[in-house]
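What Swiss-Prot says about this protein:
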type	residues	note
BINDING	GLY12, ARG73, PHE74, GLY103, ASP104, GLY105, SER106	ATP binding site
BINDING	22-26, 55-60, ARG156, 187-189, 215-217	ADP binding site
BINDING	ASP104	Mg(2+) binding site
BINDING	THR127, ILE128, ASP129, ARG164, MET171, GLY172, ARG173, GLU224, ARG245, HIS251, VAL252, GLN253, ARG254	substrate binding site
ACT_SITE	ASP129	active site, proton acceptor
Amino acid sequence: MIKKIAVLTSGGDAPGMNAAIRGVVRSALFEGLEVFGVYDGYYGLYHNKIKQLNRYSVSDVITRGGTFLGSARFPEFKNPEVRAKCAEILRSHGIDALVVIGGDGSYTGAKLLTEEHGIQCIGLPGTIDNDAPGTDYTIGYQTALETAVDAIDRLRDTSSSHQRISIVEIMGRHCSDLTINAALAGGCEYIVASEVEFDQEELIQQIERSIANGKRHAIIAITELITDVHELAKRIEERVHHETRATVLGHVQRGGSPCAFDRILASRMGVYAVDLLLQGKGGYCVGIQNEQLVHHDIIDAINNMRRSFKAELLDMNERLF
């Protein structure tokens, strides 16, 4: 029976992480467990940055963006000797189990701690990219989506005023959920998704046809890492003779107070993680599917439960414009 658990956040921060930490801490305390916070992710674990938490440690954090525990990239965790030291540090505090909030890279580290060292670990999906396996939604995605839509709405105002073409680059890496849904909600004329090969010439020809038909402004939503959006803006302006500007939303999408959906989702997942640990389960990741909380073996989720690309949403956007 576990008596002490720890919680850490790893990888890129996401709105709602604090709500998840709060869910873990207060539900664990309710069950009579001692709870410790690991500061600065796996890096902090390796450097023994661990502090005991109480219910007041998480007072008012549900409204705050980011993660008060801090986060850090720590590729050295792939080294078995580094993981062994981390497990030793956890045991030196009497910690039996660990909740890891982050993406699939964070999940893999948690699974290895469970398999190699018997530390019961549960992963919670904390990333704005909505690309974690085994879940319909990740903690932070909905807030980031609202941030992106708000930015698109503001760009629409100025683009229409100046008869300008605006390119907005949205985060997501290799998952375009943010881009596609923000574009649909914001009424963007064009979507460039990472899952579909980018044809620059086709895009420019579409814009030329729209302008010939009387279009006075347009917004292009594009997922990050596909192309240099500032260079793309120059090429479009040269071809269509319309002022074209690129806006990179960047890390502003990670910040801000989490929306109600993310606060509730994160709280539910935090409580569910503690329930799993009390059942003696480790090496699992938590998700929400069809509105129900679920858990999957981490490796099975990573290998077999990748999110499928919803091409029908792109098709729908073409029909709407």
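Positions of Cβ are set from backbone N, Cα and C atoms, glycine also.
In terms of C-alpha distance, the listed binding-site residues VAL25, TYR56, ASP129, MET171, ARG254 place ASP129 closest to SER106 (ATP binding site). Of the candidate binding-site residues, TYR56, GLY187, ARG254, the one lying closest to GLY105 (ATP binding site) when CA atoms are compared is ARG254.
Secondary structure at ARG245 (substrate binding site), taken from DSSP and collapsed to helix, strand or coil, is strand. Across the structure, THR127 (substrate binding site) and TYR56 (ADP binding site) are spaced 26 Å apart at their Cα atoms.
On a Cα basis, MET171 (substrate binding site) lies 18 Å away from GLY187 (ADP binding site). Cβ-based crowding with a 10 Å cutoff singles out GLY103 as the top-ranked of the binding-site residues GLY12, GLY103, GLY105, GLY187.
For the pair GLY12 (ATP binding site) and LYS215 (ADP binding site), the Cα-Cα distance reads 39 Å. Among the residues the record lists as binding substrate, namely THR127, ILE128, ASP129, ARG164, MET171, GLY172, ARG173, GLU224, ARG245, HIS251, VAL252, GLN253, ARG254, the two farthest apart have Cα atoms separated by 32 Å. Sparsest Cβ environment among the binding-site residues ARG173, ARG254 (other Cβ atoms counted within 10 Å): ARG173. A distance of 48 Å separates the Cα atom of PHE74 (ATP binding site) from that of LYS215 (ADP binding site). Cα of ASP129 (substrate binding site) to Cα of GLY103 (ATP binding site): a span of 9 Å.
Shown in sequence order, GLY11, GLY41, TYR43 are the residues of the chain, 6+ apart in sequence, with a C-beta less than 8 angstroms from the C-beta of ARG73 (ATP binding site). It is VAL252, among the binding-site residues VAL25, MET171, VAL252, whose Cβ has the fewest other Cβ atoms within 10 Å in the structure shown.
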